[in-house]
Amino acid sequence: MGVINAKTSIIESVWTVFHNNIGLCLPQSSITGCAVNTTQFGCSKCQDEFLTSNLYECEKCNENCTKCTSQNQCTSCVNNKILFENGLCFDISFVKKCTEIFNSKCSKCAFWYSPTNSGTSCNKKVVWWVILIVIILILIVISIVVLIIYFIVSKIQRKCLQRETKKTTTLFKMSRSNISFISLGNGIVVNKKEIDFGDDIAVNEKQRELLCVGNTTKYNTKIQITTKSENVTKYKFETQPNVIVLGKDDACEFEIFIELKCTTKLNERLMLVAKMGVTHKNLIKEVKIKATSKLSTRLDPDELTEEKILGEGSFGVVYKGVFRGNKVAIKKMKNSEDMNEENDEFTKEVAMLDKFRSEYIVYFYGAVFIPSKVCMVTEYAPFGSLQDLMKHKTSDEIDIKIRIKMMTDAAKGISYLHENGILHRDIKPDNLLVFLLDLNDKVNAKLTDFGSARNVNLMMTNMTFTKGIGTPVYMALEVLNREKYTKSADVYSFGVTMYEVFGWAEAYPINTFKFPWKIAEYVTAGKRPEKRKNIPDVWFEFIKMCWKQNPKERNSITKVVECIQNIE
């Protein structure tokens, strides 16, 4: 029995021990942390917090580890511990700014920080939405400050404007005034619905009338008076004040100024624009305005009717038309590169034409000064110019006596100009208009297109005679030499004109003088056209006295008139 027990105990001891790596037999119960049942070969798998040591045993991992490697390096830590790259687990306090841990890594950091990929540190990180909010808040603050400054400045400006307005504008309370107001509706009242400037207003002079406008609403109302059309050409309009803000029971005395730009009858409506303070809605009320000008030479283009074109030249186009029942010639000016200079010259010319009244000068009705409609209006000549008559009538059809009469009228017209210190500068058959062909009439022909500096400018500009404008046919030697233009130059031109009218032909035929400069060379050489058979000797001698080479040897226009009358 003793032998059997001994064997049994030996067998049992074999199954309860294990051999370690150095050959010792140790109890299996000495192995701790084994995840499976131990055998005589020791532990084949350790628990999570243990590592395999000495091949068959389990050893506790480092502190704070929940898992580790065979080299005793942590792969997972207990709660609130962070696994570092050296395989050790440390408290959350070792990572600055870290606030939360997940899976042994720092998963959340303090504001403005974010965890690294390794989860062992916190780096600064810009929070874009915070910056955006800050920027928006800054902009809002700036906007509020700007608005406050704007309203303060606006209020100060309004106060200053009100003070200035009170100095130049009459503001008053309607309840304290004895003025009778008429309602235009919507709380806007005026002292009259029609502004009448009268029936005898001078053109180009500012006229003034008053209009009282009041506000009966409880709102501040901005009032402005303007014309219906922005493009007002016949008159100039302005108000004082331009704009005014009226409170309840307030009224303002508006000064209404107009300046008529032409002879016209004005019958229009002004717009009284009212903007209410709360709704900002524009209310438009109408007030009539009436004015009639004095008669002047500044004409209303709407009173002119064009019928047909009579001719065209470098200056513009001439139309036959009607003005207040009279047949007229309307000369429309062409636009030039320098409109300011042209307008100044045109104004001077019209002013000069307006001064002269002679039966031997074409009657000047007036001119239109409105841009794009600039023109001059003169009486209409039924037979056109003397040049036209020479083209369409033969010498036999126009008796020599009527020709002499027309030359007498022309000489008297030139004499009138010279007596008033005006040089015609462009005397030729084309600038003599024929009105009647009856010897019994007092005047048969009249001068036109005189005294214009434009004529001289054209003439001097084209002295090379290459453009066909302003040929040297009627130019005296001194004019060809660009010397000072004098009265004797007009006499020279009149002499050439008489030669053509009495001879009923051109002074320098184109078949003989093919180029304009040939005429200039001919005149400069002291030569003149030969006597034509149909020119009486006495008249040819008289013509020669007018076109002498030396200006001092020519007759004065007064002498010319006397000689013509004596020859007649």
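Numbers here mean position along the shown chain, with the first residue as 1.
A Cβ is built for glycine as well, from the same backbone N, Cα and C atoms used for every other residue.
Per TrEMBL, the features are:
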- D426: active site, proton acceptor (ACT_SITE)
- K332: ATP binding site (BINDING)
- N431, D449: Mg(2+) binding site (BINDING)
- 304-568: domain 'Protein kinase' (DOMAIN)
- 126-153: transmembrane segment (TRANSMEM)
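Where TrEMBL records a feature, it is marked here on the structure.
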{"residue": "K332", "record": "ATP binding site", "DSSP class": "strand"}
{"residue": "D426", "record": "active site, proton acceptor", "DSSP class": "coil"}
{"residue": "N431", "record": "Mg(2+) binding site", "DSSP class": "helix"}
{"residue": "D449", "record": "Mg(2+) binding site", "DSSP class": "coil"}
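Long-range Cβ proximity for N431 (Mg(2+) binding site), meaning a same-chain Cβ under 8 A and a gap of 6 or more residues, is found for S385, H424, L447, T448, D449, F450. Within the same chain, residues 111-112 sit at least 6 positions outside the transmembrane segment (126-153) and bring their C-beta atoms closer than 8 Å to a C-beta of that stretch. Mean model confidence of the domain 'Protein kinase' (304-568) amounts to 87 (pLDDT, 0 to 100 scale). Between the CA atoms of D426 (active site, proton acceptor) and the residue listed as 'ATP binding site' there is a gap of 19 Å, rounded to the nearest whole number. Residues within less than 8 Å, Cβ to Cβ, of K332 (ATP binding site) and separated from it by at least 6 positions along the same chain comprise G316, V317, V318, Y319, V374, C375.
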